[in-house]
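Enquirer: I'd like to ask you about the structure that follows.
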Amino acid sequence: MILLQHAVLPPPKQPSPSPPMSVATRSTGTLQLPPQKPFGQEASLPLAGEEELSKGGEQDCALEELCKPLYCKLCNVTLNSAQQAQAHYQGKNHGKKLRNYYAANSCPPPARMSNVVEPAATPVVPVPPQMGSFKPGGRVILATENDYCKLCDASFSSPAVAQAHYQGKNHAKRLRLAEAQSNSFSESSELGQRRARKEGNEFKMMPNRRNMYTVQNNSAGPYFNPRSRQRIPRDLAMCVTPSGQFYCSMCNVGAGEEMEFRQHLESKQHKSKVSEQRYRNEMENLGYV
């Protein structure tokens, strides 16, 4: 029975081999290749990139030649220490010269100059804080006397430069001028205070003077003189009465003013009286009277 079943069943169909053209058509239909660029364009792109890289490398080499660890040929500045070199390369003047250099060579400047030029075989000392610099936390760092001179409006790159400035002639001259101005201002303020104090004392004394004047006016006596007491010359001291008037006992004449009394002394009447009195005195001395 088993043999008959095998004989009755038809043989399985074998897949017919497809022609080679159909395989080619199927592969081209499923796989799409990108369009190929011309040969001239493919060759031009790597050449342009190589030219830019070579140009940038040449400029970096030239910049390294210009910016030595202790001499900046770009700014024509000789540096004494690594601290001064770092301060110079991070300063405004060097940054300006560096931007001009890159603008002339039509190449963008690097992000940091300190990565390009570094002092060789020298310990790096932290740069003193400059005026107006900020930390990442937003804290303001105030400048010290080794960084900035407020009197001369000058900033320093190192303590040695600051010490040389403070010992120079320009700083000494400005210091003398500032001291002279401060002394003159203090003297003027003291003079103003003294004047105000004096005026205040005089103002306080004015009521006392007024009271004294009213007491004198109200007082009555034999020697009361309502006029202000005038200055009496020495030669007329014997001719002044207690009331303040001038009196000539020889002529029995009085005068209220000094000029009037002097005119009386120069008059003929007074001179004749004086001559008569002198003659009488002489005769009395001789014993004729």
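Using N, Cα and C of the backbone, Cβ positions are placed for all residues, glycine too.
Per Swiss-Prot, compositional bias 'Pro residues' is recorded for 9-20. Under the heading compositional bias 'Polar residues', Swiss-Prot lists 24-33, 180-191. Residues or ranges marked as region 'Disordered' in Swiss-Prot: 1-42, 180-201. What Swiss-Prot lists as zinc finger is 70-100, 147-177, 246-276.
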Enquirer: Mean pLDDT across the zinc finger (147-177), rounded to an integer, is what?
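Expert: Average per-residue pLDDT within the zinc finger (147-177): 86.
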Enquirer: Could you break down the residues of the zinc finger (147-177) into DSSP helix, strand and coil, giving a count for each?
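Expert: Helix, strand, coil within the zinc finger (147-177): 17 helix, 4 strand, 10 coil.
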Enquirer: Taking DSSP states H, G and I as helix and E and B as strand, how many residues of the compositional bias 'Polar residues' (180-191) are helix, strand and coil?
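Expert: Once the DSSP states are binned, the compositional bias 'Polar residues' (180-191) shows 12 helix, 0 strand, 0 coil.
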